[in-house]
Amino acid sequence: MAPPTGVLSSLLLLVTIAGCARKQCSEGRTYSNAVISPNLETTRIMRVSHTFPVVDCTAACCDLSSCDLAWWFEGRCYLVSCPHKENCEPKKMGPIRSYLTFVLRPVQRPAQLLDYGDMMLNRGSPSGIWGDSPEDIRKDLTFLGKDWGLEEMSEYSDDYRELEKDLLQPSGKQEPRGSAEYTDWGLLPGSEGAFNSSVGDSPAVPAETQQDPELHYLNESASTPAPKLPERSVLLPLPTTPSSGEVLEKEKASQLQEQSSNSSGKEVLMPSHSLPPASLELSSVTVEKSPVLTVTPGSTEHSIPTPPTSAAPSESTPSELPISPTTAPRTVKELTVSAGDNLIITLPDNEVELKAFVAPAPPVETTYNYEWNLISHPTDYQGEIKQGHKQTLNLSQLSVGLYVFKVTVSSENAFGEGFVNVTVKPARRVNLPPVAVVSPQLQELTLPLTSALIDGSQSTDDTEIVSYHWEEINGPFIEEKTSVDSPVLRLSNLDPGNYSFRLTVTDSDGATNSTTAALIVNNAVDYPPVANAGPNHTITLPQNSITLNGNQSSDDHQIVLYEWSLGPGSEGKHVVMQGVQTPYLHLSAMQEGDYTFQLKVTDSSRQQSTAVVTVIVQPENNRPPVAVAGPDKELIFPVESATLDGSSSSDDHGIVFYHWEHVRGPSAVEMENIDKAIATVTGLQVGTYHFRLTVKDQQGLSSTSTLTVAVKKENNSPPRARAGGRHVLVLPNNSITLDGSRSTDDQRIVSYLWIRDGQSPAAGDVIDGSDHSVALQLTNLVEGVYTFHLRVTDSQGASDTDTATVEVQPDPRKSGLVELTLQVGVGQLTEQRKDTLVRQLAVLLNVLDSDIKVQKIRAHSDLSTVIVFYVQSRPPFKVLKAAEVARNLHMRLSKEKADFLLFKVLRVDTAGCLLKCSGHGHCDPLTKRCICSHLWMENLIQRYIWDGESNCEWSIFYVTVLAFTLIVLTGGFTWLCICCCKRQKRTKIRKKTKYTILDNMDEQERMELRPKYGIKHRSTEHNSSLMVSESEFDSDQDTIFSREKMERGNPKVSMNGSIRNGASFSYCSKDR
């Protein structure tokens, strides 16, 4: 059985020859947006694999003798043979891309060609060799077989006809309807031209690789169809019958494989675009193994081609075209492969199924081979294609990105491939609304403060906040409301009242969130004073005087007047009052009884307040004294003397008598000052002594106390000093306490002495004389290493020394410390004002309040205060550079209003001098400027033109050399300019020449003396006059040029002049 490709080519050749021999094939009526419902058992339909325009599809049907209808549907061409008219009745559908074009043919066909064509058509499958199987047609046209209702059939509207005209471009003439030579299919209006039936199938070659000029018509564009189509000749492969043997040989098969690597063999049915042929000439040739027939356009009236069934050779006439007896190559049929439309899925959906669709369907008892390949995929995709040799490919666990798949379908004589893209998009993000945050949520101000800040920059969102909007909910009307659409709300000129503000933030997705902030502005209230006369007092005679204190009275502004007076019930009592209009009232000469005193205070607003205090004077009540001889003593022999101290004894009225006496002991002692509070005992020996103290008051009441003195004889061990070892202190912490309490002694340590080492820094203060106590307290230490020696001494005079070391390390935040000098006394800067100032600085520097750390506040002068602080960034915490913070703060302060901060800023600078001075000097910590080393100086350009930073970049030696060089160059250049000017002036001074007109001159002399370039002297009156010059610089006597001298000097000139101009003449000054 012959291959289908060869049979189809033979069929196309026959119908081409038949079409050339018979009358013209004409285009009939065209229906747009219409389909047919044929009986697939009796109606033959063939699908053309390539995509053609409508006009080319019609031409292909005209070239096939048994084709009655060209059906162009969705970009594909179908050739239909209609044995029954009702099978090809157009039915209108919706707006689809479908066009039905009927072809008109003569009723009578040549018998010999018809018999041969029927023989070829009836060979093979029952539905015709050129028709596809009904199953393939149903797969390709899924709507066939449906029962279309009558309501779907309607007349065509004007827009359908306009579309039809745009696609087909019909001419203006119309073929008369009802001709006997055509069937009764409707004629297309204006279808005047006919179609040439001299085209068959030819292997298609890609446009970029075609070289054969006879096959160049395959590349012609079909975008502009014309009613008349050009003629061309084609090469058609003829089929071989079973009797002719094998068509393809092994060497031809190898050639086909080599050619298929450059261009895939395709079997296509191409329509002809030719004018109505006048004749068709066909040369008779001998067809051997695989002949190729060349059909040349010619006259169909004189030549009828013979079917290529004869194998007998024949001689060719001069008019016949030679046919190359080459063997027809084996052709590979191109398959139309589609993997479906490009897919787009969105996570979490990560599975997809791909299926390959192939047209035409595989022949009976054969199948196609499928191969799926992944051409491109995201970098993070690690999967592999499994079961990639099936028609359906299942994919799972796809990640985000673009996947490009290629499916290759092949069989023994067919090949095709298709591509499909799978795009996996990330899961849709769920937008979270923003969170509006205001800081602080509640503020309270008291006049005269009338400005406030509310910060909304701490609001957060999962993407981005694009807008802030502030609005006042309630409160007094604000005349000046600024920055309502910025993160920070600045309010000024506030009136007393309660304010509420709403902040609304909007993110990039349009979600909003709101929160409120409250602000309370209080009036400057003048509260009345509060009088405080102090607590009640009780005194006992004979004490009859006391002082009352009213300085605890208070007022929010100032108390201007104090008034003391006797209270109710005490008006007639005797008392001496002093300082009745001062805070302190001195009372004296009081008698037994109760006194009531009233204090009235008046403030600056004349508001008053009163308070009452009671003084009770009790009668005299004597109590016995209390004798205190002191703690018991323990002494070490030998003892020169011992002191007995009874000064701690007490009495309510006073002790008037002291007496010491020796009660018992191992030996007699000598006592001095036995009638005084402090007595001295000598002559003590080893043992225990008891002494008694007796005291008496004025009323004779007495009291006694006993003191024990133990005298021991022991060996004394020296004490052990413990100063505390080594300590490390990190600035700004500059205070420390050295503890020597761990020093020990067998008896008792009686003295401690801390001595600073001579090599230690002198800076640093000792608090409260603690260098003589057990603990040494130090403050105001500076960077360096301090050494202190602790000397301890016991009661026997033995001593010991130990050393303590304090290493003060520099502040790690030194490079970030900024000094802010404010015009305010250090005593007036309260804690509340400091917190407000920190919030204002945070707004200026665009940081949080907690990011600003105040390290030190100290007085700069009586009217100024220095605040030392640093700024740390958000986690991870890092201290910002002081130079950047100072520069940023200075820039922001210059842009804001003068009263933005609570106090006027006098200076902003770094706390330490951080300049490196280019390695040729050091930085002055007071002036914050570089002090250059010897032979170095500042870079004046950088200092005064660029960034203004102090430095020591210039060497004085090089600057001096450069300055000297510049002076020399400047002087040389000046001297050169002076010389050039003098030379130019010298060249300009020339001899002035006077000219006199000479009239008697010939034409040659005039030409010789004529000025160059036609320049005329301003003293001449004629163009051709001759001038005689006189010099003013030679002498005072004029030099006269005469014609006689010229003639004597040059005889030739004289001769020639006399011949041309006549006799010579003399010209001198008298002739002028």
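Every residue, even glycine, has its Cβ placed from backbone N, Cα and C.
As annotated by Swiss-Prot, compositional bias 'Polar residues' applies to 254-265, 1053-1072. Summarising the annotation, Swiss-Prot assigns compositional bias 'Low complexity' to 311-320. For 21-99, the entry in Swiss-Prot reads domain 'MANSC', with the evidence type sequence analysis. The feature domain 'PKD 2' is assigned by Swiss-Prot to 435-524. Residues or ranges marked as N-linked glycosylation site by Swiss-Prot on the basis of sequence analysis: ASN196, ASN219, ASN262, ASN394, ASN421, ASN498, ASN513, ASN536, ASN551, ASN733. Swiss-Prot lists 995-998 with the feature motif 'Endocytosis signal'. Per Swiss-Prot, signal peptide is recorded for 1-20, and the stated evidence type is sequence analysis. Residues or ranges marked as topological domain 'Extracellular' in Swiss-Prot: 21-955.
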Greatest C-beta neighbour count within 10 angstroms, which of the glycosylation sites ASN513, ASN551, ASN733:
ASN513
By CA-CA distance, flag whichever of ASN394, ASN498, ASN551 among the glycosylation sites is nearest to ASN513 (N-linked glycosylation site).
ASN498
Of the glycosylation sites listed as ASN394, ASN421, ASN498, ASN551, ASN733, the one whose CA lies nearest the CA of ASN536 (N-linked glycosylation site):
ASN551
Determine, to the nearest whole angstrom, how far the Cα atom of ASN498 (N-linked glycosylation site) is from the Cα atom of ASN551 (N-linked glycosylation site).
37
Can you tell me the CA-to-CA distance separating ASN394 (N-linked glycosylation site) and ASN421 (N-linked glycosylation site), as a whole number of Å?
14
DSSP helix/strand/coil residue counts for the domain 'MANSC' (21-99):
15 helix, 30 strand, 34 coil
Would you count the other C-beta atoms found within 10 angstroms of the C-beta of ASN536 (N-linked glycosylation site) for me?
12
Using C-alpha atoms only, work out the spacing between ASN733 (N-linked glycosylation site) and ASN421 (N-linked glycosylation site) and round it to an integer in Å.
69
